[in-house]
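Record features, source Swiss-Prot:
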BINDING   ARG20, GLU79, LYS119, LYS445  (6S)-5-formyl-5,6,7,8-tetrahydrofolate binding site
BINDING   ASN225, SER244, ILE246, THR249  K(+) binding site
BINDING   225-230, 244-250, 269-272  GTP binding site
BINDING   SER229, THR250  Mg(2+) binding site
DOMAIN    215-371  domain 'TrmE-type G'
Amino acid sequence: METIFAQSSAFGKAGVAVFRISGPKSLEVLQLLTGKKAFKPRLMYYQQIIAPETKELIDNAMVVYFKLPNSFTGEDVVEIHTHGSKAISIMMINTLLNISDIRLAEAGEFTKRAFLNNKFDLTAAEGIADLINAETIMQHRQAIRQASGRLEELYNSWRSQLLKIISLLEAYIDFPDEDIPDSVLNDVNNTHKNLVNEISNYLNDNRRGELLNSGLKLAIVGPPNTGKSSLLNFLMQRDIAMVSNIAGTTRDIIEGHLDIGGYPIILQDTAGIREESSDIIEQEGIKRAINSAKTADIKIIMFDAKKLDSSINEDITGLIDENTIVIINKIDLIEPSKVFSIEDKYKCLRVSVKNNIALSSILKNIENIAENMAGFTETPYITNQRHRHYLKQALSHLTDFSLDNDLVLATEDIRITARCIGAITGVINVEEILGEIFQNFCIGK
């Protein structure tokens, strides 16, 4: 196995920069850079880092050596903690590149080596990637649960039950003259039935984990000049959308990213929806607004209190569902006692974006819907499409299984099911999918 290195911390100005080296020559490289021969594992040393060829002092650094297998990768690992400057990073990288039999690591290669050395399964490796990319508390909680092995426990439990069925059936394939006892048949059928139900229910999760990973799309829609762009600016706490009294100012979708209650929200301000527009560009904007709302996870439909009754049309009300927040804006311009017909059919929030009236209720409603769609449950979720793909395949073969079929064919259905589950965690030969997973990591991880 080659020795690899990379800067594990971000490149640029910082308090500390961390360089990681992994492989059989790690300790030798550390000795070469410091001139010190003896290093006790897992003990930090304060050492001068000297470029071997030029004898130039690069930095005074903290260094540590991890002896295999007690390291992140399961190999000999060295970490060098220097001051975080671009100049030091460039000098360190160039110095390491000039040492023979050591090369720059590929993206995710340290984590890939850890997986290959049985430090964790593929789901935990993906959890580490999600942890690095997490931007909100809920994304962090999901990632840390996955990185800690919760998904591995679930999938391994299913796979163990499948292997038990295989072992029971293969015993009777080897002895075809023997009748399978009723107790064994009942055991196999009950286990099979339970697994079908568990995996079916698990797949029927409304993509909660994937939504949390990618972010919940929230579209703000409604007639022109209802305050949609002002609401977007309020939620983003900065002016990213142009606000004007002229109808049709917003022509295209304006997007922003927000953290509400720990949930990642992708906000989209859209063109005002009206029926009488003759402007071709505005018509395209309206079309995009409706399409955006139809594909959104959460919708805010916004009306102007002074023009509400005249601005309601089926293009707008047809978008309302259980994950929609209906807002009547500009309530400061009407009598508080005024009642609207739409309030008889839908729960509406009365607000004034301009005067900051009841805006906290909007945030709370968004958070409640997000929690309902992607909030935590006791069982960890499917977090990416790769898992879902293999689970669907597994369920398909599991559903095909029947003891009324030829026993060899029935056993093969269970074997393929177990193989699909194993492909998720990496307990089978999955070299063809490793590149796809680890290429999404950053260099140095």
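From the backbone N, Cα and C atoms, a Cβ is placed for every residue, glycine too.
Shown here: features listed in Swiss-Prot, placed on the structure.
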| residue | record | Cβ neighbours (10 Å) |
| --- | --- | --- |
| ARG20 | (6S)-5-formyl-5,6,7,8-tetrahydrofolate binding site | 23 |
| GLU79 | (6S)-5-formyl-5,6,7,8-tetrahydrofolate binding site | 21 |
| LYS119 | (6S)-5-formyl-5,6,7,8-tetrahydrofolate binding site | 16 |
| ASN225 | K(+) binding site | 22 |
| LYS228 | GTP binding site | 30 |
| SER229 | Mg(2+) binding site | 23 |
| ALA271 | GTP binding site | 27 |
Proximal residue to SER229 (Mg(2+) binding site) among binding-site residues ARG20, GLU79, LYS119, ALA271 (C-alpha distance): ALA271
Pairwise Cα distance for GLU79 ((6S)-5-formyl-5,6,7,8-tetrahydrofolate binding site)/ASN225 (K(+) binding site) [Å, integer]: 58
Three-state secondary structure, which DSSP defines for LYS228 (GTP binding site): helix
Euclidean distance between Cα atoms of ASN225 (K(+) binding site) and ALA271 (GTP binding site), Å: 10
Reduced DSSP assignment, ARG20 ((6S)-5-formyl-5,6,7,8-tetrahydrofolate binding site): strand
